[in-house]
Amino acid sequence: MSLQMWHEFCGHGENFTAWKDGDFGHCFEQLVVVCPTHAILAIFSTFYIAASRPDFRMDIFPTMWYVKVRVVLAFLLGLVTVIEIVLTKLLNNILLNNVSYSDIVTAVIVTFAWFLHAVYVYKIRFMHWTTWRGPVSMVVIFCLPVISTIAELHTVILGRNNESSQLTKKVSVYVTAFLQILYCFSLLPKGDKLYLEDITDGCINSDSLEESETSRLTRFLGSRYGNISQESSQQNYVAESNSNFLSKLTFHWVQPLMVKGAKLKIKNVVDIFLLPDRLNTRFLYEKFTFILTSNSKTGQQKIDSSTNGEIHSDSSQRVPDVEFSNEDQHSNITLLSALHKTFGLEYYSIGLLKLLADSFGFAGPILLNLIVSYIENKNEPETNGYIYASGLLIVTLLGSICSSQFDYLCSVVGLKIRTVIVTTIYGKSLSVSSVSINKFSTGQITNFMSTDSDRIVNFCPSFHNVWSLPFQIAVSLFLLQQQVGLAFLAGLGFAILLIPINRWLAIKIGKLSNDMMEQKDGRVKVMNEVLFGMRVVKFYSWESHFKSKVSQLRDAELKSLKGRKYLDAMCVYFWATTPVLISILTFTTYSLMGNQLTAAKIFTSLSLFLMLISPLNAFPWVLNGLMEAWISLKRVQAFIAVLDMDINKYYVTNLGRLTDDVVLISNGEFSWQERLCDSRPDRNKSIEIGPKTTEETTTQRLMDVNINISVGQFVGVIGKVGSGKSSLLNAILAEMCRVKGHVYLAGVMEGFAYASQEPWIQHATVRDNILFGKEFNAKKYEQILEACALKEDLQVFPAGDKTEIGENGVTLSGGQKVRISLARAIYQDKSFYLLDDPLAAVDAHVAQHIYQKCIMGLLRTKTRVLCTHHTKFLTNADIVIVMEDGKVIKIGPPHEVLDHIELEFAIETGSIRSDSGVIKEISCHPDDQAGRLVEEEEKETGTVKMTVYSAYWKAVGTCLASMVLLALFLMQASRNVNDWWLSYWVAHSSSPEPQHINSTLQDVANVRLLYPVSELSSGYQIITKTISYQDTNRMYNLTGAGDNLIFYLTVYGCLAGANSIFTLARAFLFAYGGICAARVLHSKLLDTILKAPMTFFDVTPIGRIINRFSSDVYAIDDALPFIMNIFFAQLYGILGTIVITCIGLPWFSILLIPLALAYYKIQQYYRHTSREIKRISSVTLSPVYAHFSETVSGLAVIRAFREQERFKAENLAKLDDNQRAQFAARAASSWLGFRLQMLGVAMVTGIAFIAVLEHHFYSVDPGLVGLAISYALSVTNLLSGVVSSFTETEKQMVSVERAQQYIDRIPTESLEGVLLPPPFWPIQGSISFHQVYMRYRDNLPFALKNLSLEIRGTEKIGIVGRTGSGKSSLFLVLFRMVEIHKGNICIDGIDLHHLDLKDIRTRLAIIPQDPFLFSGTVRENLDPKSLYKDSALWKVLERCHLKVAVERLGGMDADVGERGRHFSVGQRQLICLARALLTKAKVICIDEATASVDLETDFLIQQTIHTEFSDSTVLTIAHRINTIMDSDRILVMENGAVAELAPTKILLQRPDSLFYKLVHGK
């Protein structure tokens, strides 16, 4: 009895035999060797799982990759045994003969043990062990299953069992052995754990590693308390935290976010969960930077993850944080190889999920075939039906899980890549030398961070499709050969012919994409410059010129886009029509070979054609995605590879002698030319070069510089405009290229205090600008405010020093910007100060105050270098350096040097300037918002409004949009009729006997259509579509097949031709419509921005506007029409499918009702959440661009203060916010995809089980079963596609919404007037202000109050007044930059309110304080509209003393560089003066036109102004006393009204006059 029991239990015809034929018995081996070892593994795993606690170990950095690999391997080891049992059943096709009870018991124990072990490995992160291997005991326990596997290997190698099940057993053991070997390799890295407190509180070094657990725990408790309070205040949920394995598998951890979105509680970034540890931006950046810059092949160096983020090597000398690379800037490691080393293993390993998903996808149709065969075969055991249905459930479930996890994990890797690309570009911009970065415009680098990073991220799905698609093709070909034999070669030959066509299309698309990106770079660059200089653009009425310039660049971009879209349309056309053409060829060949066509063969073959053609047509998209990623990678690589600032090589670190020198330059030669920088001089050798070429002379070059500055000295630098004063400071700061000579600088690592000539002001409060990251010290702060004469300004600011400053300081006057910049420099408390002409932009008594209280007061003990044109302030200097044409022509004490300088040009009796410049409402009103100037970016909530869709419809064109919808309808209708004709053909042409289905695939095939989804959603989306046709073995034989073959094929061909025509029309109409919409919306957006009033630009960051013209325009151009095309195609497809299905199977409509309700609920959840997340993503992206743009403009200041790491941290924080939104969007998408797939699984499985039950109790039609299952799959997955594509369309529509916000809501200037001025108006130039009131916004006080004055024609008026008195407001209302509230302003008796703005601004002239030059030639900057001849241009350049400088640069056609960087600030001001001289206007407004030029040049320029404008009315805001002393009258402004207006001499004779007090500093 016991032998019989063992015989039944062990199976395989054997008993419980211990040893037989030199090996263990099969049953004995299972029960004594395999089961006990795995049971021990399960027990120990359970113990350690229970012992794990979520204590401070939760604060570790993201789990290491090898631990994740271990989790996956343990899970797969558990899965192998289950798959072995299932395959044994399926392949042998019998019930319980080959699967014994011992097999089942062993499978349960082994599977349970490995699943528990997988949980244990995951829990290691919570365990009290210092390495990622876990406890040593578990490593030993793991060896026991390895020993049992060795015993099984011995058994299968001997091959004593010849049963058919031995094949699955062999494969199972081999796979298990392979996975265990991989597991052993994953145990090799020891991997010390890194703790978050190590990252934030200190670096990981030998000391911290030796720190006791007690001290760690103590430190943890302190930090954890703070974290708890912070989390409780924000109530933020960390993504994936505390989620178990099942939650991660089903994305249930996303549920709180979806519920919040459905309740419309997602308003901003704080409402979405925090990033998981593995997406920590700082960790990813430091890890990637270490790999990118490391030259060590062993990789043993450790990352110092302290707050300063530096990377330490074993070298004794600390690497300065301004240096990007450690030792060798010629490191061979490229961006691609660094990405490979950082994310390669993680990325490649998820390909296993892709392989499993594809395999399960092909297993589905096989199981469907088995179910239908089972229903047809009455003799097959009933249990098989339930096994097949269960197998269908398992296969579809596992396929859905693998597919959803692959998509999610792929997107996570993509986010990691985006993080490191953006942070690396930002970090590189901080470390690259100023000479090298000149090759790239701000627009280009912004595109690197936006579009290029997105295209590189798209590589993630594209690469895996490169091997996945050939795999699908190979399987499809094999199954097709089983259906129609060699006839499939006819269709395959045609498909192969399409490959070179698709390849050509992909290459052309890639080339056009590259061209389009370059053109986009140029357009964004110009827009950036226009926005930066918008004030000057409006003063000169250049809007039409720049609109034309941007439009030309946009037309070129659209030309490339048009070519690309039309080629895309060709791809879509081939994809849609090729299956029909191939089917005609194949079926014709099959019929001519004498074979009979049946429903099974026709519909199965059609399905296989679709399975074959989809990968073939998808290849262009995949290759195109790879090519675009490669192009973008090369673009970013070109930026990453440029020369870094290497201060170790620039400066001599050891003079070899004791010295108190702060600066020592010996035989120095410096250049702005990158060609010379590429020579990479080190500190010990110089580069000898020949005579200067034409290229080298285009920019300033310093030669023969020998300077010695000692500690505490006060050094003055003087020279004419363009002589090289600012370049000398840049040479000291290492911003130039050292061609030869030696430079020594004390305290290199400490940094220097630098106040640049063009003050760099951050978009922040006044206090934040001054503190610049330092802690607030009230006493020190008050002293600095007093020394910099800022207290009076702060009193009139609406919120004092808490007042927010506009971008680039647009809301401050020139003097205020200079003094805040100076205060920032002093607050940093450095030992060495470089001051670039800070006294030029302030009035005389303020300059004297700053000189006494600041330069000779607070800074008296510091080493100071002051560039200035005010030689009177250098009498107390220790050394004076005289520069001329890039050379030091004289150096020595003031009494020696200044005596040789002709001072007749520098006679000053004082200045009366009072920080005029550009004064906005910030300086003259109290504000109810406590100084807040820039509001948060406007963001819509709720669904995308119909007005947005209507705007896009109108942009496409009503007629064109209607034609697109009609073409879609006709395309779908012709396709449905085509399918119906095939059914009709088979129904009326069958063989005399019913044809049962015994093919590999029945009349159902799971067709995988690969739609390339928008580039913004990272790659390709697999959408499953099932084609099914009713079995025809029920139909009667109406006519012979051969009689009407030609007739049926002819009709079928005609229908296919009609479908082809409609498909072609739909593809090209959609492409054309998208281009039309892109052109119209960009044109409207550009018009709106150029017509917006200046108040809009004062309160709107440039980055926010650029985001519209960059990311949003790109979405409107490319992503939106693409995904909308997919949405409409799927929508029409589902409507056609539902109509045909309900006609054929009316009962199916009952199943659609609960299905529709479930889908409605899910899509409601998803759409509400994803839409808001998309908006948040767009809003959080603008600060990243704005901060980057601000950083690039202030590179020299940031580097001088050694504040790179703080700015990197700010970038990481802003990027982190955006990454949170991006990650949330991907998580929500995965949540939706998984649930939709689960609904499909439930639907198909339910129908399968119902079919088996009905077969058990009743008789059912196999054809109806196949039809029901296939159409259920079709409807489910098409609904999934519709929801996904509609949501994605809605998300991309947010870009239209954001553009439409500006188009509809930004107010425009009152451009058109009711009067035309006389042809030569103004003739006299008389100006009349009558009771003028003006304020900048409705809720602000008046900046001009009851202003009345008369200015006679040709009169010269000097304007003075303290800050906020309304001086610049006069110019603004004169040019109608701000409209007056009441009153009137007349010129020659004509009210300006009745004239066109263009007439006013082109007839008047202004020389602004802030000079603006845009990229282009000298000629374009002088005369953008090409109104004057070259002779006239040369003449004005000579009068402005610029002729020599322009000739040196290369003449009229020489490039001035981005924002005119090839000229000094003084030279740029002179170019603005030359523009005014060209106009010969009768009314000239001069706003400190010569603030940055030397005294001699200023004297000559004043003579030119008096000569050239002798017949003009000139209004001059005072700069130096000699500029207004010969004015006819002086206008003193106070509180927005006229305080004094009288001749100069009269006012100077009255000691009680305000003018007298201003002149004498009282």
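Placed from the backbone N, Cα and C atoms, the Cβ positions cover glycine too.
Automated prediction, rather than curation, is the source of TrEMBL annotations.
Features reported for this protein in TrEMBL:
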type: TRANSMEM; residues: 31-50; note: transmembrane segment
type: TRANSMEM; residues: 71-92; note: transmembrane segment
type: TRANSMEM; residues: 104-122; note: transmembrane segment
type: TRANSMEM; residues: 134-151; note: transmembrane segment
type: DOMAIN; residues: 350-628; note: domain 'ABC transmembrane type-1'
type: TRANSMEM; residues: 486-506; note: transmembrane segment
type: TRANSMEM; residues: 566-590; note: transmembrane segment
type: TRANSMEM; residues: 602-623; note: transmembrane segment
type: DOMAIN; residues: 684-910; note: domain 'ABC transporter'
type: TRANSMEM; residues: 951-971; note: transmembrane segment
type: DOMAIN; residues: 964-1291; note: domain 'ABC transmembrane type-1'
type: TRANSMEM; residues: 1045-1069; note: transmembrane segment
type: TRANSMEM; residues: 1138-1160; note: transmembrane segment
type: TRANSMEM; residues: 1236-1258; note: transmembrane segment
type: TRANSMEM; residues: 1264-1283; note: transmembrane segment
type: DOMAIN; residues: 1327-1560; note: domain 'ABC transporter'
Flag the pair the transmembrane segment (71-92) / the transmembrane segment (31-50) as in contact if three or more Cβ pairs fall under 8 Å (sequence separation 6 or more). no
Hey, which of 31-50, 134-151, 566-590, 951-971, 1236-1258 has the most Cβ-Cβ pairs under 8 Å against the transmembrane segment (104-122)? 31-50
Which value does the mean pLDDT take for the domain 'ABC transporter' (684-910) in this predicted structure? 80
The transmembrane segment (134-151) in contact with the transmembrane segment (31-50), cutoff 8 A, at least 3 CB pairs, sep 6+: yes
Other same-chain positions with a Cβ less than 8 Å from the transmembrane segment (31-50) and lying at least 6 residues past its termini are 16, 18, 24, 102, 105-106, 109-110, 112-114, 116-117, 119-120, 123, 127, 134-135, 137-138, 141-142, 144-145, 147-148, 151-152
